[in-house]
Amino acid sequence: MQLIPLPAFTDNYIWMVHDERHALVVDPGDAQPVLEALQQLGLQLETILVTHHHPDHTGGVAALRAATGAQVFGPAREPMPEPLIRLTGDQQLQALGLNFQVIDVPGHTACHIAYFCADVDGAPLLFCGDTLFSAGCGRLFEGSPAQMLASLDTLAALPDATRVCCAHEYTLSNLKFACAVEPVNQALTDYTVKAEALRSQQQPTLPSSILLERQINPFLRTRQATVTQAVQAFDASARDEVSIFAALRQWKNQF
């Protein structure tokens, strides 16, 4: 199986998984990059996975379905065009012979879902949409801080080796904020150098890994003393886990 990030718009990635003949894509906000890749690689699109309803994740679905006849899977309780196979957490689906577990991850939107496969060529794979980014997380447009914190806790508990396929190339801006929050984090400092080198060569910083994100991502590290103290310096009223997370997200919004 091959895993490819297809760039779209300014900073989106449409993730494609394919074998020698067939493909699936995740969150195709634009049909054109997918159609070009299918033609170039000689592939048939079988499956479209959607994590949430925002247009930059769904805008290409109708054209791709019309062109290829692909099945479309997406969140059961979000406004999505039919025909759609609607999914909720703890359901499973099979695509390209791979078994995906659906995980409810509300926060960015009210009913956002993620797709986790325990074994793709020997390593787990996560498509997390706009819930988890490298060194960051999605804005809370519909969900609450408590929901997003719980969603991130769920993803952080996945196996260390899980490849994290985020939907946006936000890594450098997220790292700038993360370094402001936790300047003493050597793993964060080291990874910033690596990520800057990748981007200077127009290379993606993704996929990340769950292990790396637990080491560098302040939104997965809100219980670490260094992060807690930094957040409380920003907002002294932040005391419990949820208010600390909420204050951290607000800090990032203003950064």
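Keep in mind that glycine also has a Cβ here, set from the backbone N, Cα and C atoms.
The annotation in Swiss-Prot ties HIS52, HIS54, HIS108 to Zn(2+) 1, and of the candidates under consideration, ASP19, ASP27, ASP130, the one tied to the same site is ASP130. Excluding HIS52, HIS54, HIS108, ASP130 themselves, the residues of that chain whose CB lies within 8 A of the CB mean position for the Zn(2+) 1 site are, in sequence, THR51, HIS53, HIS57, THR109, HIS112, GLY129, THR131, GLY138, PHE141, ALA167.
Residue environment of HIS168 (Zn(2+) 2 binding site) contains 21 other Cβ atoms, counted within 10 Å of its Cβ in all protein chains. With respect to HIS168 (Zn(2+) 2 binding site), the closest of these binding-site residues in Cα terms is ASP130, chosen from HIS52, HIS54, HIS108, ASP130. Working note on the binding-site residues ASP56, ASP130: by count of other C-beta atoms within 10 Å of each C-beta, ASP130 ranks first. Note on HIS108 (Zn(2+) 1 binding site): other Cβ atoms within 10 Å of its Cβ, all shown chains, come to 24.
Shown are the binding-site residues HIS52, HIS54; the one with the most C-beta atoms within 10 angstroms of its own C-beta is HIS52.
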